[in-house]
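Colleague: One structure, as C-alpha cells, below. Some questions next.
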Protein chains: 2
Amino acid sequence: MRILGIDPGLARVGYGVIETAGREQTMLDCGIIRTDSGRPEGERMVEIARDLRQLIRAWKPELAAVEKFFFYRSSNTIAVVQARGVVIMTLSRFGLPIVEFPPMQIKQALTGHGHADKDEVLEAVMRELSLETPPRPDDAADALAVALTGWFQR
Amino acid sequence: MRILGIDPGLARVGYGVIETAGREQTMLDCGIIRTDSGRPEGERMVEIARDLRQLIRAWKPELAAVEKFFFYRSSNTIAVVQARGVVIMTLSRFGLPIVEFPPMQIKQALTGHGHADKDEVLEAVMRELSLETPPRPDDAADALAVALTGWFQR
C-alpha cells in the first residue's frame, strides 16, 4: 500500500511517501513544500495546493495520513490551521481516504510510548524504513512518521 | 466597484455581493454555501471551494472582504479556521485582492461603535443597501456587512 504522510504548515509542509509490502516498508520520497514568507498568505496556500497536487499525481498514493492538531493559542497557529484546511481539501479532491493522528498517537505508534522525544521518533522512522541516514529536514521526517502511523494503525 | 464579502465557516459560508457607485451601494446577491454535516470534513471543504469558484465566475468581483478571527479554543473552531483557509486560497487562485476585518472593525465601520449588537449591524446593512427586508440567513447578512466594510475602509 502506498501512503502519503503530511505534516501541515504554512511556511513548510512536510511530506513523505512510503510503500508497504508484507512486513517491509520502503521510503519512496520525502521533503518539504516551502513557501515564501514575503508573499501573501493566500498565494502561499495556492502554492501548497499546487505542489501537493503534483505530489499526488506523481506518486498516486492510496491513503493519506495527516498530523492532527487540537489546540491553538497564537495568531501564528491560525495560519497553520488554515493551511491544514487547504491540505485536507486538496487530498479530498483526489478522493483519497484520509486518516488523522495527533502527535501523541504518532509517538505511541512508532516508539511504544506517547511521550517519546524527537530523537526516539527519528530513530524509529529510520529503523522501520531501513534508512542509514536521518531524513531531513525535520518536517519531512515527521511526515514519514505520520505515514508509518497510518500503516501501523490500519 | 464590485465586492464579494465572505463570512467563513464549515457548515455555512455566508456570502454577499455588492456593487458600489459613488455614494450608492447595491446588493447584487447574498446567501450561504451550506455543507452536509454527515459528510467528511474534506469533502465539505471541496464543496465550499467549488461553490465559491462558481460565485466568483458568476459575479466577477474586483475585491474580496473576509471576516477575520483571532482566537480559537474549541476543536469545532478548528474546522472553521481550516475552511477559512480554503476560502482564502480559492479567492487567491483568482488573483482577487483580499481585505480582512475582525468583527469589531466591521461593527465600527457600519454602526460607528465596535460593540454594536446584531440588530444594529443588520439595520445598518439594510440602510446602506436600501433593503426593505433583512437579508437572510444571518450569515448572508454578516457577509454583506463585511463587503460594506471593505468598501468603507478602502
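In case you wondered, yes, glycine gets a Cβ from its N, Cα and C as well.
Here the structure is a predicted model, which means the values were calculated and not measured.
Look at Swiss-Prot and you will find B:Asp7, B:Glu67, B:Asp139 tagged as active site. Residues annotated as Mg(2+) 1 binding site in Swiss-Prot: B:Asp7, B:Asp139. If you look up Swiss-Prot, you'll see B:Glu67 marked as Mg(2+) 2 binding site.
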Colleague: Cα-Cα separation of B:Glu67 (active site) and B:Asp7 (active site), in Å?
Modeller: 6
Colleague: Can you check what DSSP calls B:Asp139 (Mg(2+) 1 binding site), collapsed to helix, strand or coil?
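Modeller: In three-state terms, B:Asp139 (Mg(2+) 1 binding site) counts as helix.
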Colleague: In sequence order, what residues of the same chain, 6+ apart, have a Cβ less than 8 Å from the Cβ of B:Asp7 (active site)?
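Modeller: The answer is B:Val13, B:Gly14, B:Tyr15, B:Glu67, B:Asp139, B:Ala140, B:Asp142, B:Ala143, B:Val146.
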Colleague: Neighbour count, 10 Å Cβ-Cβ cut-off, for B:Glu67 (active site): what number do you get?
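Modeller: A 10 Å sphere around the Cβ of B:Glu67 (active site) contains 24 other Cβ atoms.
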Colleague: Over all shown protein chains, what is the count of other CB atoms within 10 A of the CB belonging to B:Asp139 (Mg(2+) 1 binding site)?
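Modeller: Looking across every protein chain shown, the total is 25.
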